[in-house]
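> So Swiss-Prot says this about it:
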ACT_SITE  Glu349  active site, proton donor
ACT_SITE  His378  active site
ACT_SITE  Lys480  active site
Amino acid sequence: MGKPGRSSIPSVGVHHQGPMSFPDFSASDAQIQWQRFCDLLWYHEDLGIWLDISRMHVNPSHLEQLQPGFDKAFAAMAELEAGAIANPDEQRQVGHYWLRTPQLAPNEAVRDQIATEIDQIDQFGRDVISGVIKAPGGQPFTDVLWIGIGGSGLGPLLMIRALQGHGSGLPFHFFDNVDPNGMSAVLAELDDRLATTLVVTVSKSGGTPEPHLGMEQARHRVESRGGRWADQAVAITMVDSKLDREAQQDGWLKSFSMFDWVGGRTSITSAVGLLPGALIGADIRDFLAGAAQMDDATRLADLRRNPAALMAASWFVAGDGKGRRDMVVLPYRDRLEVFSRYLQQLVMESLGKRLDRDGNEVNQGIAVYGNKGSTDQHAYVQQLRDGVDNFFATFIEVLEDVSDIPVIKDECPGDFLDGFLQGTRSALTEGGRQSLSISMRRFDARRLGALIALFERAVGFYGDLVNINAYHQPGVEAGKKAAAAILDLQSRVEAVLKDGAPRTVSEIRQAVGDGSDEAIFWIMRHLAGNDRGYRAEGDWANPASIRFSCS
């Protein structure tokens, strides 16, 4: 089995007489299961990663039917990597693959910018950890407060949970929501160490409300304690965005670039994921190298020998091409506990679309959930085995255990973990449930990069198979607009109530001139529930009776 690359193809199994020759699925015949396992197994020798789709109900006839669709998907992916407008709704290129192989970028300026950014991030991380770059008071930085939403929060959280070793780099704290209680808890935990905390704000446009609100709360707390905000603030944003201009004008400690052609859910190999990796002492170049290796393996225009294509085909067949089965992610390692949440965004934001590229209403998508094994075996696996058959499982295992957890009385925790995975996989198969498995010899930055790249490419292929734009998010934008409308309505409601006169929600709506009674009730219930200067009189069980006023 040779090392994979452009001239050496990853091993994909043996015993097949033709390109689509393997036995049809059988839940009861162990020899057929073994034959399918041998025939369908994909293996990357250098990465030490296996993909097994043999327990998915994929038969040769399915792959033959999907071949024309994959021919188009392979061509579309090649065009995307070459710089085509792959996101036509927003007239944008899609370039996250360039981030780990800069020579693919369409021009020298972009290639140089990517390479320079990686060098700067790597050096900045080293300088912060070593104390060369110091906090405003002259002490070394002790912590990082990371402010980001969506992929700008999930990607960094995955990097930290998956790669940070004990005592390695700086401890991380997150503002990844606008929950006041959550912010308060983080700030209370930092307490006096806030003065030696590096505060990183991530916002591509610089105008997203959630990171802006988190940033202002952090700035207020720093400055209220006499700190110098600019000397401990870092921005990750697009050049000349609102946030970038503020950082440049106020002299922030550092700014790193986000690119118009990288979406949040695929930004983990940009500064969004590389900076947290650098700040915990992870090998970010190895992380990028792993992603690049998997990218190379998944460029192969051969359905049977491309792991991302095999995954996408399995998803398609399992859900009849309409997302009729959920994806349950079961990583049997604590370090990958966040991975199911990461995949939730990557898969659901990419594939959950109302319209296809031709404007037809299709309501596509694959729901994703999961936590970790073997914890999940004592939670929802009961339903997976005996309940509604509306899912397929994705098992993820790491073979190599740590050396400091010994075998005691002939019992090894790693053996039990492996046994639990195999047992659950077998029990699901016996119950007619589908699953695929990803196995890794070891887990480190390189394998994490490869794992992420595998799913990124599979999502792209699946999007092409079902003819949807996997690179925009109109539903998210619709939610942002609706939220902005509610906040605008709230400001007008508060203006009406300034005269102090008690009003029902219906009377408030009439005075405002638009909005709905229900929306106004929700607004007023929130305001009255906090110390914001509003009173509510009436029966809460009868919302129409309550009269709200400004005290």
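Including glycine, each Cβ sits where the backbone N, Cα and C put it.
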> Look at each of the active-site residues, His378, Lys480, and point out the one with the fewest other Cβ atoms around it within 10 Å.
His378
> Write out the long-range same-chain contacts of Glu349 (active site, proton donor), meaning residues 6 or more apart in sequence whose Cβ is under 8 Å from its Cβ.
Gly150, Arg265, Gln473, Val476
> Roughly how many Å lie between the Cα atoms of His378 (active site) and Lys480 (active site), rounded to a whole value?
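With the alpha carbons as reference points, the distance is 37 Å.
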> Can you check what DSSP calls Lys480 (active site), collapsed to helix, strand or coil?
helix
